[in-house]
Amino acid sequence: MDTVNEKVDHGTFSPSNESIASSPERSYVQQKRTKLSAFFKGYSFPISIFSIVFLFLVFRSFVDHQPVNSCETSTVWPSYARIHDFDERYTRFSEKYSLYLYREKSVIENAEPSGIPIIFIPGNAGSYKQVRAFAADVAHQFADLLSASYDEAIASGKRNLDFFTLDFNEDFSAFHGQTLIDQAEYVNDAIAYILSLYPDTRTRSSFPDDDLPYPTSVILLGHSMGGMVAQSVFSLYNYVKGSVNTIITLSAPHTMAPFPIDRHLVEFYDSVKEYWTNSFLQPPENNALADVFVLSIGGGGLDTTVVPEYSAISSFVPPTNGLVIFTSGIPFVWAEVDHEAMAWCERFRQVVSRGLLAVTDARFPGGTKPLDERRALFWRTYVYGASIGNDLFLNKKDPLKEMLLYSEDTEYLGEVAHVTFDHFGDSNKKKTVVPLPHGKFQSFQLLTDQSLDIGSHVRVQFCKLDPSSSFPGSDDTEFGINALCHEKNEFLRLYPASTFETKHPHDGGVFYYLSAESKDLVDYDFILIDDRNFERREGFLEGFLSPLSLKPTLIDSSVLKLLTVGERLEFSPNNTLLSAFHFTGLQSSLFSYKLTLEYEIDDGVPALFAPFMKQKLQNPVESRYFPNIKSADIIMHGVSPFIDNVDTIFNKSLVLEFYMNPLKYQHVFLRIQPDYYGSMGRLLMRYRTLLASFPFVILAYVLRNQITRFNKGGSFSDVLEALELFARRGLIKLLAVVSLLTVFLSMSYRATTASAEHADNAVAAWRASAINSRSAFWKQNYLVFGLQEPMVWMLAPVLTIVFIGFSVSLNFLLTVILKCVSFLIRIFVKLRRSFKNIFFSPAKENIQQLTQETDLGDNVFKCNKRTIQFRIIANIILLTVSLTVVPFQFAYLFTCLTQICTTAKALYAAECCEYGPSVRRRWSFFNFSLSLLVIMLHLVPFDMPIILVWIRNVSMHWYIPFPTHHNFFSIIPFILVTEIQRTGRMLPRMSDLELCLNNFLLYFLSFYSLIYGAEKPYLIHNVVGLYFMWITYLYAKDFRRRDKLTKSYNPSFSCFINTPRSAHNVNSC
C-alpha cells in the first residue's frame, strides 16, 4: 500500500524479468493500462451513450422542428449623417461611440431633424446601420400618407420621424455588464443632446411648426440587447425625467441574460427589474414610469440566439404599461422571425413602421399620444389587426350616420340564424338587413375574405332604428327604414386566409372576422351588410347569430394526463363559426403536442373556406394560425424555466379556437397527444447554460470520493474509475435529491403564486405577484431546473442523467487526448535520443548509463535554479498584468495551459515507469492532476466571453475598466496550485478535521452548482477558487512540516529545496 512513510532504496534496482512480471507494481501498471477498456464494461458507458444519444436527439429535434423562414429582404436607399458636434462636451464616450441621423435618399431631402425623434439602439455585436429598414419604410409610409390626405394628416399631428442611430462599434454587450451600463449612459447623453437640437432645427425647417411644442421625449427602438439598454436608461444618474415615454424592443432578453456568466451583468439585470417593479408599486404621482409604455416583440421559435420567453416583461411591468407579443400573431406577418431578421424582415418592418406612425402625435410635448391611446393603438396594430386603409394613422372615430333604406335596393331577411354570400356585385339589392332578435342569440360572428376597411367595397354596419321607423311586416313588399348606423372597428379582427390550397398562414390573403357578444349589441336593432361592388366579384361572407357564447369551453385536463395519454374531444359547431376550448393544463413551453382533426361533412353544402385554427395565449400575447387544418404541432412560449410568468391561471394557459362552417362540418373529432421527440428540441435553448454549470455537481462529488480514498492510504483513483464508482453508488442518491428538490421548489412556487393565479384581473395579479417577489427570500423558479409544475418532476432526473453522461463523455475524451499527447512525447524523446547517439559520441562513462536506462520519465519534473527564477518572474508579471491591464480570465487561460502540460508530463512519467515502488505514486499524481485539470477546463466557457469583450475593446483602442475582473483572489489560487503541480508533488494526506473541511467545500461546490447553476453560474469560479486556496494551504502546511524534518537536503529532482526524496514526489521510479 502506498503511504506517506514509504521507504525507497536509493541503490541500483535491477530486478530480473521474473520478478518484474510477478511484482505488484507491474500488476498495477497493467491495471492502469486497461482503464480505458474497463470503461466500456461499467455503468458509466451506458450512461454516456444515453447522454450522447439524448443530446443528439435534442439537437435533431431542435433542427427538424424549426418553423419556415418566410422573411424577404427589404430595399432601401440609405444615408447616414454622423453628428460630429456630439463630442466630449456632451458625453465621456465620444471617442468610443458615435451618433448618426438616418435619411432615406428617395424621400427626405432635409438633412436636419425637424419631426419626432426616435433612437435606434443596436444589440450585441450589432450595427447602427440596422436602422435602415425601419427608417426607410416609415419615410415611405409617411410620404404616402401626406399624398393621400395632407391637410388631415398635418392637422392630426403627424410629422416625419427623425431616426437617430447609435454606433456602438459592434460591442459584445451580451457578455459584459459594464458595457451595458456604458451604453445606457451614452443613450441618456444622446437623448439630452437630441432634444436640445429641435428649438433651432424646427425654425430652419421648410415647414416650420410655430404652434407645436418642442419635443421633450424620444421613442427608443432597441434590437436584442439594445432593448435591455433602452429599459435601463431610467435607473441611471444622467436620465432626464420624462425624456422617454415609449420603448419598442425586438427580440430583447428582458427577463434573463442570455449568458449569465458575468457578475456585473446579472446584477445589472436584477437592479433594472427591481427599479421597474418598485416604480410601478408606487402611487402614480410618485412613479417616474407612469407614462412609459413598453412593447416587447419576440421572434418565436426561429430565434436561436435569445430564448423566446426571455422577451417577457410581465414580471416587472403591469399590463397597463406593457405588451408582449410574438411575430407569429402579428397581422400581415403571421410568421416566426429569426433573431437577425427582426431588423430587416420586409413584412415585419411594415407593421412596426405602421405602429410608430400610429402612436406619434406632434401636438403633444412627448411626441406621442397619451398612454391609454398608445396602448389601444399598439393592441390594434399588433394584435387585432389594422390594415393601411383603416383609420389607424388618423385615429378617427366613425360617427353615427343616418341611413335611409328602401325596398328597391335593400333585402330584409327577417329573423334568420345565418346569412351567406358566395359572390358580390351582381344583385340589384346591394344592402342586406339582418335583424338582431335580442334574447334569442348569444353572439354574432361574421367571416369574409372581403376587405372591411373604411372605404372598401363591402361594409358591415351596426344600426339602430329611428324611433319613427320600424321593420317591415312579413307581407310587406315595399318598405322604408330610417336608421342610424356606424362601423364598429373594435369588433374587427384580421386573420390569415385559409383556402384548401393554403399551406402556411403567411402564404397571402386576409380574412376579416367580426364578433360580438349579445350584451355588446343591445343598443343596436339590426346589422347592415352593404355591397358596393358594381361588377361581379368572387368572394364569400358567412354570418351567424349563434346560441353559444364566444367564451371558450374549459377543459381542465392535468399536465400529467396530457403528457401521458393526451386528450380526446368531440364537438358539433352548432350554428357557430367559432368553437373554442381552454386547456388549463397546456402552459409549459417545454412540451410539444400533436393535434389531429377528423370531420363529419355534409357534402351538399359548398365549402367557401377551409377550416382553420387559432392557438393563443393571453400572457404573453402569442397567436399561431393553422390554415386548412387537419393536424398541427402545438407549441407555446408561455410558462418557462427560470421565468416569472405573472398572471391569472386562465391567462397563462392555452386556448384553441376552431373556425369552420357549421353547416358543412357537422361533427369534429379532436385528439391531442404528447410529442416526445418534438419536446426534446425545446430543451436545448432553455438548458444550454446548465451544460456548462451542472457538471460541477458531479465533479465535486467525485473529487471528494477520490480524496477520501487517498486519505485512507490508498492510491488516488482515476477520474473515470471514480465516475464509475459514483454511477454505481452515488447516482441513485443524487437522482433522489434532485427529484425531491424539484417537487419541493415547484410546490413552493405554486403556493407563492396562488394569490396571483386566482386574482380578479391581470392588474391585480401583477400587483400580488410583485409584492410577493419583492418580499421573497429566494425565487424558487430560478433554482435547480426551474420547473414550475410539480407533475413534471420526472424531467429533473432525466436531465440529471444526461448531464452526468455528458460530463463522463468529456472526461473520457480528455483522457484519450492526454494519452495521445503522452504517446507523441515518448516518440519525440526516443527520436531525440537516437539522434544524439547517431551524431554525437557520448563519453565512455555515460555509455553504460544510456544503454541501461529503463525510465524515460526520470527528468520530467527536474528544474534548476534559473528555471525557478524564471517561473517566479513570469508569475509576478502575469499576476500584475491581470490585476491592472487584462481581466483575470486571461491569466486563468495561461494557468489552464500550464496544467495541461503538467498533466501530460505526469502521464508520460507514469507510463514510462514499468516497475519500482513509485509506480503507484506516479499514477496517483497523474490522476490528481487530471482531476484538477478537468475542473479547471469546465470553467473556461465562463471566461472566454469576457476575454472576447476585452479583445474587442483593445482593438478599438478603448481600455474600458473591468472592475469585477481584476480580482486578486480570483486568480491567485489557480496560479499557486498549478505552480505546485509543476513540481510533481502529490497532495498531502489530511487529518480528520482537515478532511471534514475538505468535504464541506466540495459539497458546497456541488450544492451551489445544483441550486444556482442556471441563475448565477459565474460564482462557480469563485467557489472553485476558494477550494484551490484550500489546496494551497494543505501544500504549504506540508512544506513547513517537511522543512522542519530536513534542512540540508540537496535537491536533485525537485524544484523545492527542502524536500526529502521519500516525500510524495513523482520524479523517480
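A Cβ is built for glycine as well, from the same backbone N, Cα and C atoms used for every other residue.
TrEMBL entries are annotated by machine, without manual review.
Under the heading compositional bias 'Basic and acidic residues', TrEMBL lists 1-10.
Feature annotation from TrEMBL assigns compositional bias 'Polar residues' to 13-26.
The domain 'GPI inositol-deacylase PGAP1-like alpha/beta' annotation in TrEMBL covers 113-358.
Residues or ranges marked as domain 'GPI inositol-deacylase transmembrane' by TrEMBL: 690-1035.
Residues or ranges marked as region 'Disordered' in TrEMBL: 1-26.
Taken from TrEMBL, the feature transmembrane segment applies to 42-63 (among others).
Per TrEMBL, the feature transmembrane segment maps to 685-703 (among others). Through the fold, the transmembrane segment (685-703) approaches residues 62, 259-260, 304, 307-309, 589-590, 640-642, 719, 722-723, 726, 730, 734, 785, 799-800, 803-804, 806-807, 810, 931, 934-935, 938, 941-942, 1002-1003, 1005-1006, 1009-1010, 1013-1014, 1017, 1020, 1024 of its own chain, all at least 6 residues removed from its boundaries and within a Cβ separation under 8 Å.
Packing against the transmembrane segment (731-749) from elsewhere in the chain are residues 43, 47, 697-698, 701, 780-781, 783-785, 787-790, 793-794, 796-797, 800-801, 804, 1010-1011: each is 6 or more residues past its ends and has a CB under 8 Å from a CB in it. Feature annotation from TrEMBL assigns transmembrane segment to 731-749 (among others).
Only residues 6 or more beyond the boundaries of the transmembrane segment (792-825), in the same chain, are considered here, and those with a CB under 8 A from a CB of the stretch are 35-36, 39, 44, 47-52, 54-55, 559, 563, 588, 590-591, 683, 687, 690-691, 694-695, 697-699, 719-720, 723, 727, 731, 734-735, 738-739, 741-743, 746, 784-785, 903-905, 907-908, 911, 930, 933-934, 937. Marked as transmembrane segment by TrEMBL: 792-825 (among others).
Summarising the annotation, TrEMBL assigns transmembrane segment to 872-894 (among others).
Sequence annotations record features per position, and here TrEMBL assigns transmembrane segment to 925-951 (among others). Under 8 Å from some Cβ of the transmembrane segment (925-951) lie the Cβ atoms of residues 171-172, 174-176, 179, 259, 261-262, 692, 695-696, 699, 702-703, 706, 710, 715-719, 722, 810-811, 814-815, 818, 886-887, 889-890, 892-893, 895-896, 899-900, 902-903, 906-907, 909-910, 962, 965, 974, 977, 981, 984-987, 1017-1018, 1020-1021, 1024, 1064, 1066, all in the same chain and six or more residues away from its ends.
The transmembrane segment annotation in TrEMBL covers 995-1012 (among others).
Here TrEMBL flags 1018-1036 (among others) as transmembrane segment.
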Practice prompt. Report, as numbers and ranges, every residue of the chain located at least six residues beyond the transmembrane segment (1018-1036) whose Cβ falls under 8 Å of a Cβ in that stretch; write 'none' if there are none.
Written response: 260-263, 266, 693, 696, 935-936, 939, 942-943, 969-974, 976-977, 980, 985, 987-988, 990, 994, 997-998, 1001-1002, 1004-1005, 1008-1009, 1012
Discussion item. Across the domain 'GPI inositol-deacylase PGAP1-like alpha/beta' (113-358), what does the mean pLDDT come to, as a whole number?
Written reply: 91
